[in-house]
Structures are given as C-alpha cells and as structure tokens.
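J.: Below you will find the structure I want to go over with you.
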Amino acid sequence: MRVRVPAKVNLHLSVGDLRPDGYHDLVTVFHAVDVFDEVVVSAAPRSSVRTVDGAGGGAVPGVPAGPRNLAGAAARLLAKECGRSGSTGPVAIEIIKNIPVAGGMAGGSADAAAALVGCAALWGLDLTRDQLAEFARRLGADVPFALTGGTAVGTGRGDLLSPVLARTPLHWVLAVAGEGLSTPEVFAELDRLRAAGDPPRVAPVQEILAALPSGDPVRIGAALGNDLQAAAVSLRPELRRTLRAGRAAGAVGSVVSGSGPTCAFLCPGPDAAADVAAELAGSGTCRAVRIASGPAPGARLVGSG
Ligand SMILES: C[C@@](CO)(OP(=O)(O)O)[C@H](O)COP(=O)(O)OP(=O)(O)OC[C@H]1O[C@@H](n2ccc(N)nc2=O)[C@H](O)[C@@H]1O
Ligand SMILES: Nc1ncnc2c1ncn2[C@@H]1O[C@H](COP(=O)(O)OP(=O)(O)O)[C@@H](O)[C@H]1O
C-alpha cells in the first residue's frame, strides 16, 4: 500500500502555560502544503523501517531506522489494538522523504499518519476516520492533522481539530535550514523566555480566521503569527536574517513554522513565489528553498498491489 501524506505549516500558533503532563495548551491553525512524503507498507517476514531521500534516493540523516521511528510505532499500535479483528502481521515500511526532518513541518507525524492508513488498508481493518484519529492522537499531537489535511484549527495539545473552510490556494516559499530544531527544546526555551519576562504574544486566533475566507494574501500574511518563533530565533539567531531576506524579496507574510527552523513566506501568487524563491536561494540565509502551495489533502492511498 502506497500512501501520500502532506507537510504542514502553522499559520497561527499560540502557546499557553506548561501543563503538569509536560505539554502546553495550544491554539493553532494548521495548513497542509503540497510537500509530500510517501510511505509504502508491505507484508514481510520481519518488521522493518527504511527511509530514503525523495530527491536522491540516499539515506536521510536524523530519521531513526529502529523502533523509535514514528511510522513503525504507528504500525505496532494498530497491530496491538486491532490484532483480533483482521489479519495483522509484520510489515516492511519504506518512507520516501521529502518533508524536511526536524523542520517544524511535522514530517514524523505525517509518516505515522500514513502508516496508520497504509496498515489499515493492508490488514483489511474497517476503521472509521474517527477511530483512526484516536490512534493518531496517541502517537503525537500533530498526527491527527496529517490524516485530515486542508486547513484546521487545533486546540488542546493541538490534536482536537475543527476544519476551516478556506479553499483559495495560498502560495508559499519555504526556507529550509541546514540543521533541525528539537520540538521539546523549543517549548522549553519559550518557558525560559517567559520566566525571564513575558515576550509579546501573538494576536487572537480570530484575526487569521477572519482573514482566511477573504483569500487575500496581504491580509492573511499580516495575520500570521507564532509564539514559538521567539524561542526558535533565540536558539537560532540566524533565522532573523532568513526572515528579513524573505520579506525583502517580496513576501507579504512570514512566519517560523511550528517549532522551526523552517521559515514560511506567503507570496501574492505563483510568479511572485518563483521570484521570492530565486532571491532567497541567492541570499545565503538557508540551506534550501522550496515552492509550495496549500491547502493540500491529508494522508491518502495512492496505490496498492
Ligand atoms: C510544535 C508543533 C506545532 O504544530 O509542531 P512541530 O514544530 O513539532 O512540527 C506541535 O505542537 C508539536 O507536535 P508533535 O511534534 O506531534 O509533538 P509531540 O511529539 O506530541 O510532543 C513532543 C514534545 O513537544 C512538547 N509539546 C508538544 C505539543 C504541545 N502541545 N505542547 C508541548 O509542550 C512536549 O515537550 C512534548 O513532549
Ligand atoms: N518517520 C520519521 N520522520 C522524521 N523524523 C522522525 C520519524 N520518526 C521519528 N522521528 C524523530 O522525530 C523528530 C522530529 O522530526 P519531524 O517530525 O521531522 O520534525 P518536527 O517535529 O520539527 O515537525 C526527528 O528528529 C526524529 O528523531
């Protein structure tokens, strides 16, 4: 079973205080973009997970091959919970990676969501979207959104979703950094910055929710915001230059995606995105530049047999 699954950017992310369970309450607006990983799940004599680079087919540094890979964890969870209702068994999982690793674009969560969809199909499990979402939630805060895609508000840990009807395509340029950032470290840095003196918080979510139906990139660009941006920039001060370079190149909005370090630049249209990408690529402020658009659909079977 071959499943295609999108990356996300957070158009809005407001972070509440640290909870006793180590998480923070969030209000976020997820937006899936057309940068896709593919996850191929096949019955095999022994379970395994292998990741290859979608661009060159080589190895992908930073992605665990063993039991810590979230796609393998997803297959194990499904086998454990549904073993009695279908023919579960060992699976070979191949991940074709295009989503930047540890980039704030939820690539690991995407692979987990794709593995849930692929294994459910392979094993003939008759699961509803709600049942899949419940398994997804147990794997990580970002996993349920990778199932649904589109644009959605996330509350709680970010895992309680309600869809946002905003279908006008948005055109993005993504600046990918040379080295990823650890999500728990970025949340911890925000706690530290707040203990030392509250950094400014993002505007209420209503601002972006009011802007989205207009489809107007200038209005939407002005409403982008992320409480984790200050923490990501504190850990990686060079992101300031990246953000400045994208705006100087003509982007109408900029935001660090999730816990970073990927920076997302909203552009007025596809031609402007090509111009911003070219200028940003020449600025020397990031490792790679991608053009993307959203909203993209969530995890979907694209082939079988
Ligand atoms: C920050 C966000 C924004 O969308 O995305 P990324 O930047 O990772 O893509 C997410 O909240 C990341 O979700 P996800 O990566 O699934 O998080 P999890 O694996 O569940 O949690 C990893 C760790 O991040 C911290 N965490 C995560 C979510 C949350 N609401 N509060 C937290 O404090 C906790 O320290 C937790 O142990
Ligand atoms: N299938 C996977 N793809 C990428 N990373 C994974 C995967 N499974 C586990 N991980 C771990 O999750 C961490 C976070 O990766 P990722 O989901 O790409 O970024 P982010 O949390 O910033 O959105 C990685 O550093 C890696 O150790």
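Quick reminder: no glycine exception, Cβ is built from N, Cα and C everywhere.
What TrEMBL records for this protein is below:
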type	residues	note
ACT_SITE	K8	active site
DOMAIN	69-150	domain 'GHMP kinase N-terminal'
BINDING	P100, V101, A102, G103, G104, M105, A106, G107, G108, S109, A110	ATP binding site
ACT_SITE	D142	active site
DOMAIN	209-281	domain 'GHMP kinase C-terminal'
J.: When the domain 'GHMP kinase N-terminal' (69-150) is classified with DSSP, how many of its residues are helical, how many are strand and how many are coil?
T.: 46 helix, 8 strand, 28 coil
J.: Select one residue from A102, A106, A110: among these binding-site residues, choose the one with the most other Cβ atoms within 10 Å of its Cβ.
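T.: For the binding-site residues A102, A106, A110, the Cβ with the most other Cβ atoms within 10 Å is A110.
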J.: Between the Cα atoms of G104 (ATP binding site) and K8 (active site), what distance do you get, rounded to the nearest Å?
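T.: Answer for this pair: 8 Å between alpha carbons.
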J.: From the Cα of A106 (ATP binding site) across to the Cα of D142 (active site), what is the distance in angstrom?
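T.: About 7 Å separates the two Cα atoms.
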J.: For the recorded ATP site formed by P100, V101, A102, G103, G104, M105, A106, G107, G108, S109, A110, which further same-chain residues have Cβ atoms within 8 Å of the site's Cβ center?
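T.: So the additional residues around the site are A7, I99, G180.
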J.: Validating a neighbour-count step here. Other CB atoms within 10 A of the CB of G108 (ATP binding site): how many?
T.: 27
J.: Can you give me the Cα-Cα distance between G108 (ATP binding site) and K8 (active site) in Å, rounded to a whole number?
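T.: About 11 Å separate the Cα atoms of these two residues.
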J.: Cβ under 6 Å from an atom of ligand 1: which of these recorded positions qualify? The list is K8, P100, A102, G108, A110.
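T.: Cβ < 6 Å from ligand 1: none of the recorded positions.
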J.: Any idea what the Cα distance is from P100 (ATP binding site) over to K8 (active site), rounded to a whole Å?
T.: 11
J.: Please determine which of the recorded positions listed here (P100, D142) has the lowest count of neighbouring CB atoms within 10 Å.
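T.: Comparing Cβ neighbours within 10 Å for the recorded positions P100, D142, P100 has the fewest.
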J.: If you check the recorded positions P100, A110, D142 one by one, which have a CB less than 6 Å away from any atom of ligand 2?
T.: none
J.: So if I measure Cβ to Cβ from K8 (active site) and keep only same-chain residues at least 6 apart in sequence, which ones fall under 8 Å?
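T.: Looking at Cβ-Cβ distances below 8 Å from K8 (active site), excluding near sequence neighbours, one finds F30, H31, A32, V33, M105, A106, A110, D142, F145, A146, S257, G258.
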